[in-house]
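See structure below.
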Amino acid sequence: MRIVDVREITQPIASPIRNAYIDFSKMTTSLVAVVTDVIRDGRRVVGYGFNSNGRYGQGGLIRERFAARLLEADPKSLINDAGDNLDPDRAWAAMMTNEKPGGHGERSVAVGTLDMAIWDATAKIAGKPLFRLLAERHGLQANPRVFVYAAGGYYYPGKDDDALRAEMRSYLDRGYSVVKMKIGGASLAEDRRRIEAVLSEIGGDAQLAVDANGRFDLETAIAYAKALREYPLFWYEEAGDPLDYALQAALAEFYPGPMATGENLFSHQDARNLLRHGGMRPDRDWLQFDCALSYGLCEYQRTLAALKVAGWAWNRCVPHGGHQMSLNIAAGLGLGGNESYPDLFQPYGGFPDTVRVENSFITMPDLPGIGFEGKSDLIKVMRELAE
Ligand SMILES: O=C([O-])CC(=O)C(=O)O
Ligand SMILES: [Mg+2]
């Protein structure tokens, strides 16, 4: 068996929303297909992947380096010892041939996108949902019930507090009991007003998390901490620059509630540095590393190993990104849950069509692979690329 083709297309996921750092008016994603010569249920097995929102499509890197290396490798070097399936770690090693360590940049997005497709193909060839394959590999019991929260609350031209409240109410109506909104894209006084509007809307029905997208310097991060700690927030996310571990550690002195960060750390070494130097507290804080931005699931397993060494439980991880790949990792390896964007980044984000959110939990259906075939709008664009 072998990989016979790797395809990439860069697709728009643009919208007029804005967080404290960027707008999404030109946002794109790379959609990739890893085509194999294996037939299952009368169909050629094709693995699919895409990168998470927030970083752009990686067509150049994928086509020039990472897909090219997969196709140039000796096919036998990419499969397992039994010769009956792909070996994602061997494929990962082939992609990373002649890449120096450090300076992770955005090649981690290109590799993470292809890694998603390789794991999708691997689980399909094994005839199992990825979350079950992962649980077996780790000697764990899969738990198809996964916590999900609704992310949104963006700044948007002309959006007033009533529109923000209506948005949050609509997430509650769709089964969520934790919602997230953006802060840091307005003055502290304005953000306080927005937060209070949402808190009064959701009352005791839900909890609110806030996300500053790395906008604040230390002084501003602390000024917000002093204001935010008066509210019963689910978490205070990405206050400062993602690589400023000293800022994060200093912030912990002013913010006794849960902090969250990690979506812009793209390697297990960066994650380890956060745990070593970022003052994050394993009893209450949350880690948001997103495999689709950070070299994929092969690397994410190394990140989880680093967590264990640092004394962190895997259920402190609630990945960024709202994709089914992280849902599988959560269900297979016991993460604390996953992000979800009920109104954004379609058709890539979200759940298979049959899935309903109840009390902020979903149940994973038993679909082979990552489960893309269960989401009709998504599998349609995927098949246009490769089948
Ligand atoms: O607005 C973004 O870039 C997405 C984000 O931070 C999140 O989902 O936590
Ligand atoms: Mg965020």
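Quick reminder: no glycine exception, Cβ is built from N, Cα and C everywhere.
The candidate list Lys128, Lys180, Lys375 contains one residue that TrEMBL assigns to the substrate site with Asn19, Asn53, Lys100, Tyr154, Glu237, Glu263, His320, namely Lys180.
The annotation in TrEMBL ties Glu237, Glu263 to Mg(2+), and of the candidates under consideration, Asp173, Asp191, Asp205, Asp211, the one tied to the same site is Asp211. The shortest Cα-Cα distance between Asn19 (substrate binding site) and any of the recorded positions Lys182, Asp290, His320 is the one to Lys182. A sphere of 10 angstroms centred on the C-beta of Tyr154 (substrate binding site) encloses 23 other C-beta atoms. Proximity to ligand 1 at the level of Cβ atoms, with a cut-off under 6 angstroms, picks out His320 from the recorded positions Lys180, Asp290, His320.
Most Cβ neighbours within 10 Å, among the recorded positions Glu237, Glu339: Glu237 holds that distinction in the structure as shown.
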